[in-house]
Amino acid sequence: MTLSRDDAAQVAKVLSEALPYIRRFVGKTLVIKYGGNAMESEELKAGFARDVVLMKAVGINPVVVHGGGPQIGDLLKRLSIESHFIDGMRVTDAATMDVVEMVLGGQVNKDIVNLINRHGGSAIGLTGKDAELIRAKKLTVTRQTPEMTKPEIIDIGHVGEVTGVNVGLLNMLVKGDFIPVIAPIGVGSNGESYNINADLVAGKVAEALKAEKLMLLTNIAGLMDKQGQVLTGLSTEQVNELIADGTIYGGMLPKIRCALEAVQGGVTSAHIIDGRVPNAVLLEIFTDSGVGTLISNRKRH
């Protein structure tokens, strides 16, 4: 099939716009947190796999960290195990942790690996327990009301926070032309398993690798101002101001704090991108306009 003149011109424009970005990012590492709608639509899933394979083909090193909250919730429901959340975190007792490991490590992770490989990549699936990739400790959660003289410690079970990343393993895989796909399960000092927020794992992996970019796929268009307009480029100082004045609040706060910590920890830029947009990852990396919000220590994309 021959392209029309208009279609050919559009293809040429896209390729020429992408070329400077490809040159800039060759040999660089990009950590992508994959989740939300992008994991549910078959079209978006295929597009994500193609994006990752193309990045690797042009010399960029993608590392994928994935979520799987809805899939965990579905299996818990089928097993008649009730889900409880505190401050957005799933209370994870021993039975729930078994389900988390089954779903994230055994189902979701392998589905993503298989999808990338079917589109021409060489993906390898890992959990944080493999070669102690993600070392973790129990997350301490506290709560205090005006009536309390001291904070109350709340036990949320096998929920963890990252204490270390096996950078040597990831570098070995990346140099071997593999695409690491990581399930956010950490391992404690005694071999115990921890359920960790995927955004936090992605941020810590990006920091440890000194990645060029941390990309967080979400179900929103990006960070918005109080008028509902997407803020396309922000410095870390501007983000802190938006938190202070209440523009950023609620469920977005943990994600934004994760992005801020990554940039302050050595990642060149963090991106909050709309995973509902087909090929969102490529559009954010390889076009002038992008499809989300970029956070960096600089003012511009």
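Using N, Cα and C of the backbone, Cβ positions are placed for all residues, glycine too.
For Lys33 (site 'Transition state stabilizer'), the same-chain residues 6+ apart in sequence whose C-beta sits under 8 angstroms from its C-beta are Val65, His66, Gly67, Ala198, Asp199, Val201, Ala202, Leu214, Met215, Leu216, Leu217. Lys33 (site 'Transition state stabilizer') carries a strand DSSP state (E or B). The feature site 'Transition state stabilizer' is assigned by Swiss-Prot to Lys33 (among others), with sequence analysis given as support.
If you look up Swiss-Prot, you'll see Gly68, Gly69, Arg90, Asn195 marked as substrate binding site. Asn195 (substrate binding site): 26 other CB atoms within 10 A of its CB, across all protein chains. The DSSP secondary structure for Asn195 (substrate binding site) is strand.
Reduced to three states, the DSSP call for Lys255 (site 'Transition state stabilizer') is helix. Swiss-Prot lists Lys255 (among others) with the feature site 'Transition state stabilizer'.
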CB-centroid shell, 8 A cutoff, substrate site Gly68, Gly69, Arg90, Asn195, site residues removed:
Gly67, Ile72, Gly73, Thr92, Val100, Val103, Leu104, Ala198
Take the Cβ of Gly68 (substrate binding site) and count every other Cβ within 10 Å, whichever protein chain it belongs to.
24
